[in-house]
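> Mind having a look at this structure? Questions to follow.
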Amino acid sequence: MEKNKNWGDLFINFTIALYFLLFLLFSRSYNLAPTLLIISAIVFVFLKRKQIDFFTEKEHKILVLSYLVYFVIILLTVILHQDKLKDLDKPSRIILYLPVLLLLIHYKLRFKTLLYSIPMSAILAGCVACYQCFYLGDWGAFKHVQLIQGGDISMSLGIFSICMMLYSLSKGHKLLALFCFLGSLMGIFGSILSTARGGWIVLPIIIPFILIIYRKFIPKYFIPLMLGVFIISGYLFNLTDGGRLRDRIMTTQDQITRYFYKNDSDTSLGYRFDMWKGAWIAIKEKPILGWGNEGLKSKKEKLAENGIISKHSAEFYHNHNQFIDETAKRGIIGLIGLLTIFLIPLSYFGSRLIRQTNLEIRCLALCGTVHIISTMCYNLSQGFFAHNSGNTFYFLSVIIFYAAIKVQEKKHS
């Protein structure tokens, strides 16, 4: 029995490492590890159903309930609005991740697995971005995943690496901290190369927050040193990126000016503004249960016919803002469901961040916290959950950080 447990621990840690390492490596590589985990978890639950009381802890039940509430609201609104059953495809995968939680807690997910695999995955993401942009000549990185999705996920991997770096410094592991710092640079660099602007707004919010959490462990030379490194890196990047970042910033300014002062919505940002405008009109008319997918599509087409929004913006299936889109399609009920999957896990990670003194648990809680805040920010300008990559990365990563904390708490209790 003990031998089987050891093999199970090895398999789980290997698969979780694979999950992070493969996520942005090639097209749909993010599906491999989750598929292995889901199959293993279903088999595990079936075999152990009479031996283990799976939901003894209240916090397990609350996390599972938040996922179920989100899915059930989508299910009921799809039925109510007579939408297509394929609209349940992505949300239904959330349910498949729930047995993985039980698997990761039973077979001990090691902290070191995350400590090494996350920075390495950020380095790989940066390498993929460099290869695509500088060798293949692509304008934006991660087109094999979806440019915006890849850029946001690469940013998250870089941010997780910052958490790991400061943890390593707090433990006095300078070489490991350097490795994690390289991961943070490459992850953020990969996001910049993607030209996905939505991920960039996260940095001024998240980095000060992380530094405040680790303020007691940061050497006096750290912040000036990091600023110097980022300035030099930015300068070198500007020399080699062919003007991508500069052009992207100037384009953003120009598109905002054209929309608000010249009434020109025929731009990337202009389409977004029109989508939000149309969705807001729809929300005011049906605020409680929304329009459903097909109903909202018809509503936007009518708005386009009346010249209120552009015809092209009415063609988009998603409104490029998860909060607005959810409210327009499923009303305030849908928005509550969406907030549930953010705020309930956030309260769990936040409580550990405030109360715990164990450095490993605090690091994991910080990763979980910044993961949720970052994803909420991404969803302000992107339908992060409209893609399989976004669903997988958010929901499974929450479970991974949650399970890793539970394992550490049992270890140190």
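Any Cβ shown, glycine's included, is placed from N, Cα and C.
Just so it is clear, the model here is predicted, and its values are computed rather than measured.
Feature annotation from TrEMBL assigns domain 'O-antigen ligase-related' to 184-338. The transmembrane segment annotation in TrEMBL covers 7-26, 32-50, 62-80, 92-109, 116-137, 149-168, 175-192, 198-214, 221-240, 331-349, 387-405.
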> Residue list, the transmembrane segment (149-168) vs rest of chain: Cβ under 8 Å, 6 or more residues beyond ends.
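Long-range Cβ neighbours of the transmembrane segment (149-168): 20, 23-24, 114-115, 118-119, 121-122, 125-126, 129, 140-143, 174, 176-177, 180-181, 183-196, 198-200, 202-203, 206-207, 210-211, 213-214, 217-218, 359-360, 362-363, 366-367, 370-371, 374-375, 378, 382, 384, 387, 389-390, 393.
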> What residues in the same chain, six or more past the boundaries of the transmembrane segment (62-80), come closer than 8 Å to it by Cβ-Cβ distance?
55, 87-88, 91-92, 94-95, 97-98, 101, 289-290, 292, 329-331, 333-334, 336-338, 340-341, 344-345, 348, 395, 398-399, 402
> Under an 8 Å Cβ to Cβ limit, what residues of the same chain, 6 or more beyond the ends of the transmembrane segment (387-405), are close to it?
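Residues packing against the transmembrane segment (387-405) from afar: 16, 19, 23, 30-31, 34, 37, 63, 67, 90-91, 93-94, 97-98, 100-101, 104-105, 109, 111, 114, 145-146, 149-150, 152-153, 156, 341, 345, 348-349, 352, 361, 364-365, 367-368, 371-372, 375, 378.
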> List, by number or range, the same-chain residues at least 6 past the transmembrane segment (92-109) whose CB is under 8 A from its CB atoms?
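Non-local partners: 5, 8-9, 11-13, 16, 34, 37-38, 40-42, 44-45, 48, 52, 54, 60, 63-64, 67-68, 70-71, 388, 391-392, 395-396, 399-400, 402-404, 406-407, 411.
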> The domain 'O-antigen ligase-related' (184-338): mean pLDDT?
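When the pLDDT values over the domain 'O-antigen ligase-related' (184-338) are averaged, the result is 84.
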